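**Student:** Residues annotated as domain 'tr-type G' in Swiss-Prot: 10-201. Summarising the annotation, Swiss-Prot assigns GTP binding site to 19-26, 76-80, 131-134 and lists sequence analysis as the type of evidence. The annotation Mg(2+) binding site is assigned in Swiss-Prot to T26 on the grounds of sequence analysis. The region 'G2' annotation in Swiss-Prot covers 55-59. Under the heading region 'G4', Swiss-Prot lists 131-134, citing similarity to another entry as support.
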Amino acid sequence: MAKSKFERNKPHVNIGTIGHVDHGKTSLTAAITKYFGEFKAYDQIDAAPEEKARGITISTAHVEYETPARHYAHVDCPGHADYVKNMITGAAQMDGAILVCSAADGPMPQTREHILLARQVGVPAIVVFLNKVDQVDDAELLELVELEVRELLSSYDFPGDDIPVVKGSALAALEDSDKKIGEDAIRELMAAVDSYIPTPERPVDQPFLMPIEDVFSISGRGTVVTGRVERGIIKVGEEVEIVGIRPTSKTTVTGVEMFRKLLDQGQAGDNIGALIRGVNRDGVERGQILCKPGSVKPHKKFKAEAYILTKEEGGRHTPFFTNYRPQFYFRTTDVTGIVTLPEGTEMVMPGDNVTVDVELIVPIAMEEKLRFAIREGGRTVGAGIVAIESLE
């Protein structure tokens, strides 16, 4: 059978299931594919392949499906540690999440932890699926669990009162046993996801940013910086800023090249060479960025949510303490930074995830949700993300 062409006629949204172990994340994922995609059974999803992101191995299952309004890529992780790693490395970007909570158990420790992580890594919106409602006979009890979940979401700054909560049973949907809490609930859930989770802004529409990977000097033409445009569009003749490592400076892009051809613009996803005016070869370096003036600021200090690799994952064998000094790999370069642990945290063990304060020795062009690797002499020992609301 020939590979079908990916039709780009609907907006594309990345989502994922989050929540406590055994509350039904994978069953729900299977149930959604039954009505909106190519059916994937529970065990097909549960046997998630391993993949590497920022030097870290993560098991993730990817399924796709579509509603009349949108095309979805959906990620489901088999284990709790995979969720933590996934959300921090951004291996699977989430524009929104479906929080699955068992009506029989109510919110559990990982329910809380996944909501906190979603907050820290900036997942924009959450929709709730209250699963296993057939195991609860008492309507009042069901209302109580819903209230508990809403309060929990509010305590982490999500709008708990406004978030759609859909009650149903993923198992009933898979077994066709009770249409009201089965198929109907799944359809209601996807309608809520369609309307409540915002369509992400496409990278091309965002302000221009290109991490600088290399710098060349071309005799008679000037200095060329190369890299992959992360977002936005750059047109010949536009002014840009060079941000990070050194004081911010302005320049004009006088040429854009791709595959040795001259273009009038470069856009998100393109690997380009940009000719910049009045900057000599040693006035710019790898690790800086080119961006739309005023759109990104350099920072030395930030708060981060980080996951520290276990010994088995190739990480450290020993814990670290306040004043730990690894390298932080941002986009294209390593910068040394000093770590301060939160009050009451004596040390961080391999395998932990933790919120830390970091001060770099030189400033880096930084924004909330920027991801990085933590390295010791070129070896990855952790991954992190700049926490939201953590930059001055």
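Every residue gets a Cβ built from N, Cα and C, even glycine.
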**Student:** I want to check the contact list for H80 (GTP binding site): same chain, sequence separation of six or more, C-beta distance under 8 angstroms. What comes out?
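**Tutor:** In sequence order, V21, Q110, E113 meet the Cβ cut-off.
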**Student:** Within its own chain, what residues at least 6 apart in sequence put their Cβ under 8 Å from the Cβ of G19 (GTP binding site), listed in sequence order?
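**Tutor:** The list for G19 (GTP binding site) reads K25, L99, V100, C101, Q110, T111, H114, given in order along the sequence.
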**Student:** Expressed to the nearest Å, what is the distance separating C77 (GTP binding site) and T26 (Mg(2+) binding site) at their Cα atoms?
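**Tutor:** With the alpha carbons as reference points, the distance is 8 Å.
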**Student:** Near K25 (GTP binding site), how many other Cβ atoms are within 10 Å of its Cβ?
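**Tutor:** Step by step: centre on the Cβ of K25 (GTP binding site), count other Cβ atoms within 10 Å, giving 27.
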**Student:** How does the region 'G2' (55-59) divide up by DSSP, counting helix, then strand, then coil residues?
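**Tutor:** Taking each residue of the region 'G2' (55-59) in turn, the totals are 0 helix, 4 strand, 1 coil.
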**Student:** What does the structure give for the C-alpha distance between T26 (Mg(2+) binding site) and V133 (GTP binding site)? Integer Å is fine.
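**Tutor:** That comes out at 16 Å between the alpha carbons.
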**Student:** Over all shown protein chains, what is the count of other CB atoms within 10 A of the CB belonging to D22 (GTP binding site)?
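**Tutor:** So the Cβ neighbour count for D22 (GTP binding site) comes to 13.
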**Student:** I want to check the contact list for V133 (GTP binding site): same chain, sequence separation of six or more, C-beta distance under 8 angstroms. What comes out?
**Tutor:** A103, L142, K167, G168, S169, I181
**Student:** Quick check: in three-state DSSP terms, what is C77 (GTP binding site)?
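**Tutor:** The residue in question, C77 (GTP binding site), is coil (DSSP, three-state).
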**Student:** Kindly report the helix/strand/coil residue split of the region 'G4' (131-134) according to DSSP, in that order.
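**Tutor:** The counts are 2 helix, 1 strand, 1 coil.
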**Student:** Give the mean pLDDT for the region 'G4' (131-134) on the 0 to 100 scale.
**Tutor:** 98
